[in-house]
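Student: First the structure, then my questions, so here it is.
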Amino acid sequence: MESVAAGVGHGAAEDVSSTTLFARWSHAASCRYQHLLDRCSPYIFYRWIACFFIASIYVLRVYLIEGFYIVSYGLGIYILNLLIGFLSPQVDPEILDLHDGPALPVRESDEFRPFVRRLPEFKFWYSITKAFCIAFLMTFFSAFDVPVFWPILLFYWVVLFTLTMRRQISHMIKYKYVPFSFGKQRYDGKGASASSETSNLLKD
């Protein structure tokens with residue numbers, strides 16, 4: 001009985017040890033991965049080039065095998081949802097109007113407030129890139145290749161994209177904001193001066 005109990009205890013100790021090692025390894029890998037993401041954060045142009053390259057590989061594979069259109073449709077819907085978050089302000093101006101009045105500056109004399117996105121650029125890029133990678137891996141499993149008439153899916157997506165973007169543009173016009181910054185204000189020792197004539201807010 002004692003030998004059996006000792007064997008069980010030894011096996012349990014090995015399981016705990018292996019679990020601890022796996023936890024340490026996964027934590028180290030996660031930290032390393034996060035470190036790589038942090039390092040590539042400033043390189044916006046190169047990040048998007050890599051994203052378009054991955055997207056091109058996925059499109060080429062779907063074109064060559066002539067299938068997995070339902071995966072592509074789901075990917076398109078997901079990207080459209082990300083795009084809306086990327087183009088939308090962090091706090092909806094309509095909600096602020098109901099509580100505190102207009103929050104976005106609409107006149108040149110108003111205080112400058114930078115546009116804060118609901119979905120930051122880095123998370124937007126990362127989510128799209130990860131989505132294309134996952135969709136690419138799904139094309140290797142026939143279970144996701146559901147027979148479907150792809151022109152119908154394309155038509156649905158185009159209609160959904162048109163209606164969604166029309167609503168988003170109407171929202172931008174109503175609250176007078178543009179989700180892009182083409183320049184920012186700089187100040188020198190003599191006084192304030194704008195470094196660019198463009199602004200991320202529409203003028204009256």
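Glycine residues also receive a Cβ, built from the backbone N, Cα and C atoms like all the rest.
From TrEMBL, here are the annotated features:
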- 44-64: transmembrane segment (TRANSMEM)
- 70-88: transmembrane segment (TRANSMEM)
- 124-142: transmembrane segment (TRANSMEM)
- 148-165: transmembrane segment (TRANSMEM)
Student: May I ask for the residues of the chain that lie six or more residues beyond the transmembrane segment (124-142) and have a Cβ under 8 Å from a Cβ within it?
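Tutor: Distant Cβ neighbours of the transmembrane segment (124-142) are 37, 44, 47-48, 50-51, 54-55, 57-58, 61-62, 65, 67-68, 71-72, 74-75, 78-79, 82-83, 85-86, 117.
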Student: Report, as numbers and ranges, which residues of the same chain sit near the transmembrane segment (148-165): CB under 8 Å and 6 or more residues beyond its ends.
Tutor: 69-70, 72-73, 76-77, 80, 84
